[in-house]
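S.K.: Below is the structure I would like to discuss, written out as structure tokens.
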Amino acid sequence: MELFYFLVFGGLSFVVAALELSKSNKDRINTSTAFNSFKNNYVLVYSLMMAGDWLQGPYVYYLYSQYGFGKGDIGRLFIAGFGSSMLFGTIVGSLADKQGRKRACVTYCITYILSCITKHSPEYKILMVGRILGGIATSLLFSAFESWLVAEHNKRSFEQQWLSVTFSKAIFFGNGLVAIIAGLFGNVLADTMGFGPVAPFDAAAVFLAIGMAIILSSWNENYGDPSESKDLFTQFRGAAVAIASDEKIALLGAIQSLFEGSMYTFVFLWTPALSPNEEDIPHGFIFATFMLSSMLGSSLASRLLARATIKVESYMQIVFGVSAFTFLLPIITSYIVPPSKVKGGGISFAGCIQVLGFCTFEGCVGIFWPSIMKMRSQYIPEEARSTIMNFFRIPLNIFVCIVLYNVNAFPITVMFGMCSIFLFMASILQRRLLVVAEVHRTKSQEWTSMKERDTEAEPLTI
């Protein structure tokens, strides 16, 4: 393996370690023993769930290509996953609010395990079924678990600020440390031990089964609105009204869709971007490096969220702006660095520059997750939390499906340019959310002051 990869991985490891070890009391929030026990249980489960997801990540595209499918066929498989998430995601989100979030989390485990099993077959139709199951599971992963956490946190009367601690830790471990270990472990299974690209999917199924056992044995059930009088259509309508009537929720949904749409497109694009001439690149190790960058971002986010004087709506503008620039690097390098015509070999100089840019983007992803979770906990009403969160995923899934359907129609640089534009738009909308939130806070403070003055006022005597 080339020295470049070890230098980047080692440098990032040093920075992450330095950040974590240098944390002062200002960077930490004092919590109770009961909360720490609750937080650790959730972080453990979330980490196992994410291990099941991350083990598959670097090998999905590669496995399909090993089965002999081209970019177009692989693109349609990806479309099936995002399409099923779009079609079924809102339904399963509403069912989670009505039938129980714990039950939805268990359903995620079962569905994703079945998806992993389908990877053993080289038959296109069976792989398509697996992608559809995976799409449904993804909707549950990014709605049911967070909804369960917020509801259970409030039910136990923990302080609201402590939520950001759980979010940061979950992302640091689940989207950072566990992802790195998963990338390296997958590399060992598939390459070092020679079990092939299907082995990480088998390992993922094992981790999902362990996580499901912990959920069944230690989690309580909670609901959004369990009212029997509300059917699915009523829940959909209520969620749509909430989004349409509150500009903050609508802006948050647009921001999430723009960023996550670009992020999921990147999942599909980074492999061909780094190996345009079939260069031999260590997929698992590069993936682990990306996740280390995400870990760095979540470490920075924990410091930012611990400071009450720093508003999440404010610093996220910068995060989206930096993300937009990183996706311009493939375009810039295509003009500055002459393309190589030699097939195979190691990563090119342009590829090295792009790796650094992609690591920066993953750092922004690490900041994004706990920050968007914090904003969702502030702005989305509890009774329809899972439903609204899956409503947010509809436009992002449409966007990704359109991109993947036309993946052969445009050069990869055009794809990155489009994602860069969407990220810049997210930065603009984040600015608008900051303004609207400030106006809302000011009005709330004025209303509270008026009520306090009315309460303290002496009654008139005649």
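From the backbone N, Cα and C atoms, a Cβ is placed for every residue, glycine too.
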S.K.: Which of these ranges is annotated transmembrane segment in TrEMBL: 348-369, 414-435?
M.R.: 348-369
S.K.: If you look at how TrEMBL annotates this chain, which of 74-96, 97-119 comes out as transmembrane segment?
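M.R.: It is 74-96 that TrEMBL annotates as transmembrane segment.
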S.K.: With the transmembrane segment (6-22) as the reference, which stretch in 43-62, 129-150, 285-306 has the largest tally of C-beta pairs below 8 Å?
M.R.: 285-306
S.K.: For the transmembrane segment (201-219), I need the partner stretch with the highest count of C-beta pairs below 8 angstroms, choosing only from 43-62, 129-150, 318-336, 348-369.
M.R.: 43-62
S.K.: Where, among 129-150, 170-189, 285-306, 318-336, do we find the most CB pairs under 8 A to the transmembrane segment (43-62)?
M.R.: 170-189
S.K.: Taking a Cβ cut-off under 8 Å, which residues six or more beyond the ends of the transmembrane segment (129-150) line up next to it in the same chain?
M.R.: 42, 45-46, 49, 53, 77-78, 80-86, 88-90, 92-93, 96-97, 101-102, 104-105, 107-108, 111-112, 114-119, 163, 166, 219, 222, 224, 373, 376-377, 382, 385-386, 389-390, 393
S.K.: Considering pairs 6 or more residues apart, do the transmembrane segment (170-189) and the transmembrane segment (318-336) have at least three CB pairs under 8 Å?
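M.R.: Result for the transmembrane segment (170-189) with the transmembrane segment (318-336) is no.
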